[in-house]
Every structure is written in structure tokens, then in C-alpha cells.
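Engineer: Quick one: structure below, then a few questions.
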Amino acid sequence: MRKPVIAGNWKMHMTCAQTRDWMGTFLPLISETPDDRHLVIAPPFTAISTLADVGAGSRVEISSQNVHWEGHGAYTGEISPAMLQEHGVRYAIVGHSEPRKYFSESDEQINHRARSAQAHDLIPIVCVGESDEQRSRGEAERVIRRQVEQGLEGLDPQRLVVAYEPIWAIGTGKTCESAEANRICGLIRSWVGSPDLIIQYGGSVKPANIDELMGMSDIDGVLVGGASLDPEGFARIANYKKG
């Protein structure tokens, strides 16, 4: 049975002090959250140790927002799997549309990052998704399939999360219709050929649409951006009830 992963990606938000305040509000709100789901937070690198400290003994798991494929070396601005593990990190987001866009990350580089994560017992959250232009040209499925086939090459699907994030829905307030998101997630599962693969949806996820999204048969969680910065709103997402 696929256990949903509810993950919040804080991006370049939250200082250590803000992280402590956020957790002080959030933790009491998940005291009765069912055990049938994982709860994950991806803070900035600077707040990882703070989150680990404040969240010690809680059910909150930690993700990094990226990971490098080398264990050490002259890679300014990067971070290795071992460095993350030292702080209790369990997951690593790779292939998010922002580094794809701003740093021209290729599917090959994303695959290297994901392989490195798995080799060091981290669970990669591999992001895929089409732009508005690609969608309007009818290229969405082709683009996503290429990202899946190249980005997931050589990975163990049992130790992997895929996040379908249509780029046009990230931070825009636009949400992919639940049925369409479910259809794409089902296609991804069929392309990978693993019925147990965990597939998230991401893109303007909020308390108002979480129940409907989690009621879809092929959506196994969400990767939440802006809405995860509000501890009360993210707690509502964590406490979803299938619509």
C-alpha cells in the first residue's frame, strides 16, 4: 500500500528563529494526525539543524531542497548527502522547476543527484512537469515522459518519490484540475512500471483543495510551496480528509 507523503518546501524562506516559531505552532496541530501519511519539511540548508532540534521526537521528517552527486570537492554552493545525513535528513528534492529554470539543470544532472541520494540512503523527491507553453502546444506528455525516463534512469522505484508539478501552476494560484493531475500521475506510474511508486502533486496546493486532491486514486501526497509557510494552513493540509 502506498503511504502518502505530505511535504512542505520552504524554498528561500524562514530563518532559524522563524523555524522555531513555526514548529511551536505546527507540532500541537498534528498531535492527532493519522499515522497513514508521512509529514516532511524541506527548510533552507541554514535551518535544517534547527528543525531537527525542535522536531526531535516528533513525526516530522526532514528533506533538503537539493543534493550534489559528489561526496566532497570544489563545488561551491552545493551540499553532499553525508552532510545532510549528519543532520537527520531523510529526503532530498531534486529537479524542481526553479533550479531547472534558473540554473539550467538537465535531466542528466538531476539523475546524478537522485542516484547519489539513493546511494546514501536518502529518498529523492524527483520533480517533473511541463510549462504553460509546452502544455498549450500539446507537448505536456512528451516533456514529462522524457523527464521521467531520463531523470529516473537506474533508480529504485521502491525508494523514490516523484512529484508532478506543472510549472504553470507553481506559485501562480492556478491549480491543475484534480482529474487531470490524477491522469498525469497515472501515466507516470505506467511509464515507470511500478504500481507502488509514490507520486505527489504540486502546484498551488492549499487547504481549500487538499481534500479533493487526496481523494484521487493516483495522487499519493503533495509537495506544497507557499502554503507550507503558514503553520496552521499546512497543518490543515497535513490533516486532510479525502474528498
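Placed from the backbone N, Cα and C atoms, the Cβ positions cover glycine too.
Since this is a predicted model, take the numbers as computed values, not measurements.
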Engineer: Of the residues Gly24, Gly171, Gly186, only one is listed by Swiss-Prot in the substrate site with Asn9, Trp10, Lys11, Ser204, Gly225, Gly226. Which is it?
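Structural biologist: Given Asn9, Trp10, Lys11, Ser204, Gly225, Gly226 bind substrate in Swiss-Prot, the matching entry from Gly24, Gly171, Gly186 is Gly171.
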Engineer: Just to be sure I understand the packing, how many Cβ atoms besides its own are within 10 Å of the Cβ of Gly171 (substrate binding site)?
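Structural biologist: There are 13 such Cβ atoms around Gly171 (substrate binding site).
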Engineer: Just to be sure I understand the packing, how many Cβ atoms besides its own are within 10 Å of the Cβ of Trp10 (substrate binding site)?
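Structural biologist: For Trp10 (substrate binding site), the 10 Å Cβ neighbour count is 23.
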Engineer: Around Lys11 (substrate binding site), how many other CB atoms lie within 10 A of its CB?
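Structural biologist: Total other Cβ atoms inside 10 Å, all chains included: 18.
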